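Before I ask anything, here is the structure I am working with.
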Amino acid sequence: MSVLIIDYGMGNLGSVRRAFEECGADVFISEDPGECRHASHLVLPGVGAFPDGMEALTRGGWLPALKQATAEEKLPLLGICLGMQLLADHGTEGGARAGLGLIPGTVLRLVPDSPQTRIPHVGWNEVHHDGSNPLLAGIPDRADFYFVHSYHFVPGTADATIATTPYCGSFVSVVGHGSVFGTQFHPEKSSRFGFQLIRNFLAL
Amino acid sequence: MLKVRIIPTLLWKNLGLVKGVGFDSWRRVGTIMPAVKVYNTRQVDELIVVDISATSEERLPDFAEVREFSAECFVPLTVGGGIRELAEIKELLRAGADKVSINSAAYERPTLIEQAAERFGAQCVVASIDASRNPDGSYRCLSRSGSADTGREPGEWAEELERRGAGEILITSVERDGTMTGYDLELIRLVADRVKIPVIASGGAGNYGHLHEALTVGGAAAVAAASIFHFTEQTPLEAKKFLAAQGIPVRNVRVAP
């Protein structure tokens, strides 16, 4: 098992690496899309803005590599936070922009549902799920995970929703489509249950 | 439901963990690494670590040290002190920080906040304000660990920081810092009322009731505290039990049978 953390200049790579290592993975970080062929699992981390993220992935030559690795070789891929949002068809942060298109969907800004609702959504919040997806195996319904974001993923197909979180009404906090998964929260910063999710992903 | 965060703050000076009173009289209270490990084991909600001497000594953040203690930290970590350029933010995020706290540099070059938010996302930019109370009851913002008057007013400055793209405001009362006599609730309310982004209250927590007040009366979204955890038997977990009993949503509390 060999986990490739995609280095496209965005994100808390150090944190992600340490968490995956702590869960028993062999981890390598690379800027070279050709390295996908040495990986059993791919992780797309991300802290930052959607247009910058897409630009960096495009410039780095990741678009065809990720399409091939996921569509043809069915490698499991986990997008985290911005990394999840980039999996969508379209983003809207700083103007409309095409995403990776690995999971049907659009990324929209959170809309406060009360005057007390603060954006960005920062902190620990519940992840509601029915226990049926292996990515969340062993994680209780409504377990708390750490979030920090202003945008959210709106799946284009209902069956891509794995879990939701009650904020600004309710938004989709875990998505999945084939071998591609995304979490809006940071499993690498979500302590015990975050590690459980990472171990589940490594078992895919 | 979004949980209220209780955030231990670790101040760090010359490789030691310190705590002062009113931004002065620093006492050494240990070393940073064991403290990070302990808080990580106890699964605290988040940690803030600030190098309080970097800016005054005109030096860069100690990236190697951040790399070391962040490797032991699996909860969100905010790192501050000595940040002047985007390059330092990038390096801190690479070293394992999840967010950065910017204070003095924002007064000298407010566009740094915009650039940081644009490049790394608003969610990783914590704008820190140190405020002091004037004799007439108004407030002023101090920079460089409380040593320089900036001529700015905290409410107006917080609004500007939000407009420029900050993701959170950390508001600290210089007078209450380290006194354990309670947060400056007026100051916290003043700032919380002016912005839509989360406000973290800091400076003065001495007991669990103070945390409760900062959240309810002050309108803070999170509470940061140091002395209460360094110098008393009180712990973040017990704080959460107290808050849960008052109906405040907190994480990770098993109610005793």
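Here the Cβ of each residue, glycine as well, is placed from N, Cα and C on the backbone.
Quick paste of what TrEMBL says about this protein:
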DOMAIN    A:4-202  domain 'Glutamine amidotransferase'
ACT_SITE  A:CYS81  active site, nucleophile
ACT_SITE  A:HIS186  active site
ACT_SITE  A:GLU188  active site
Near A:GLU188 (active site), which residues of its chain come within a Cβ-Cβ distance under 8 Å, counting only those 6 or more away in sequence?
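The list for A:GLU188 (active site) reads A:ASN12, A:SER15, A:VAL16, A:ARG18, A:ALA19, A:PHE20, A:PRO45, A:ILE80, A:GLY194, A:ILE198, given in order along the sequence.
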To see if you understand the setup: which same-chain residues, six or more apart in sequence, place their Cβ under 8 Å from that of A:HIS186 (active site)?
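Set apart from A:HIS186 (active site) by at least 6 residues yet with Cβ under 8 Å, we have A:SER15, A:ILE80, A:CYS81, A:PHE145, A:TYR146, A:PHE147, A:VAL148, A:GLY194.
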Tell me the Cβ neighbour count for the residue listed as 'active site, nucleophile', meaning other Cβ atoms within 10 Å of its Cβ, over all protein chains shown.
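By my count, 30.
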Quick one: what's DSSP say for A:HIS186 (active site), helix, strand or coil?
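For A:HIS186 (active site) - judged by DSSP and reduced to three states - the answer is coil.
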Hey, does DSSP put A:CYS81 (active site, nucleophile) in a helix, a strand, or just coil?
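Once the DSSP labels are grouped into three classes, A:CYS81 (active site, nucleophile) ends up as coil.
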